[in-house]
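Peer 1: Below are the features I grabbed from TrEMBL:
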type     : residues : note
TRANSMEM : 98-119   : transmembrane segment
TRANSMEM : 139-161  : transmembrane segment
TRANSMEM : 197-219  : transmembrane segment
TRANSMEM : 225-249  : transmembrane segment
TRANSMEM : 270-293  : transmembrane segment
TRANSMEM : 299-317  : transmembrane segment
Amino acid sequence: MFIIINYVNSIFEQLPQTPEMVKLKQKMLSDMEKRYAQLITENQNQQQATASVLAEFGDVDNYFTKINLSTEESEVDKTTLSWSKAEVEMFKAHRSRFSLAVASGVSLILFSPVFSLLIQETAPFLPFFSSLESTQLILFSLVPVLLLNAIAISLFVAFGMKEREFNLEGKLISVDSLTQSELAQEKTEYQSQFTRGITMGILFCIVGVVFLLVSLLFINSNPFWPLIFLLSFVSIGVFLFVFFGIIYATYNKLLSVGNYTPKKIASERLTTNVANVVFPLAAGIYVISGLLFQTWSPGWMIFPILGIGFGLFATIAENTSLFCPKKPKK
């Protein structure tokens, strides 16, 4: 079978790696494997069975004709990216760094007020801060907040630009069957780690809220300290949510499952294109009508109405094949 698998791989390396070709490759391998097993049961040795299978399936044009397909290169789906194993590994390595950067950035933004509160709470015990006036102290306490937010935004921009280099927005990823099976196995092994990470994140958030409530109800101390602990625990929990969530989404993206199925990707492209037209148009109508007819007060209702309507449209687009592009039959 090893020779047969290599033979099939060599054939499909020259063909466009569309989802249809991936399914065709799997079907051909399955047919050859069944024929090989049948010949083995007929008392042929492995060499004879392999030679017979290759002779029977060697005429690829004839095989494709039997299943109403052609070896002529079909038009490559522009919404599908065909990736090799090396490209998949490169993307996984990037997403590992990307998840860490994004999770750290979000946590820094949530955690940044903690430094401001700590400076204000500990100021009476520190020589430098104790000499500052209240306004100066507040302004000085904002410095670490701004610095941490600047670091977070820098992480978002740097790794967001790196993410854009893969040109994945609104597109599917197609990989060969061997890489797909390896990714599916990796995702299965990662599932328990993902579950533990999300569970720990939930626990951190719950502990933070419980600490806040207990402090306010029973201790009745300065509310800054309970808030400091709440933000600290929540920032850790959110870090776990984002980090493990992005890694898990990476496997879904590579396997085209979950939120990355062809149907969902097609509906996402449609809703994005519609949103890019509808929402700026609504904002323009609101501003013009407000300036010309002074309808600022009732005019704002256009936005919640539009939001509800767009949500319904997105749901319909996602759950029906009406808007999904169909390939023309030849």
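Backbone N, Cα and C define each Cβ position, glycine as well.
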Peer 1: With Cβ distances under 8 Å as the criterion, find the stretch in 98-119, 197-219, 225-249 that has the most pairs with the transmembrane segment (139-161).
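Peer 2: It is 98-119 that shares the most Cβ pairs under 8 Å with the transmembrane segment (139-161).
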Peer 1: Short question: which residues 6 or more past the ends of the transmembrane segment (225-249) have a Cβ under 8 Å from it?
Peer 2: 95-96, 98-100, 102-104, 106-108, 110-111, 113-114, 117-118, 121, 187, 190, 193-194, 197-198, 200-205, 207-209, 211-212, 215-216, 219, 258-260
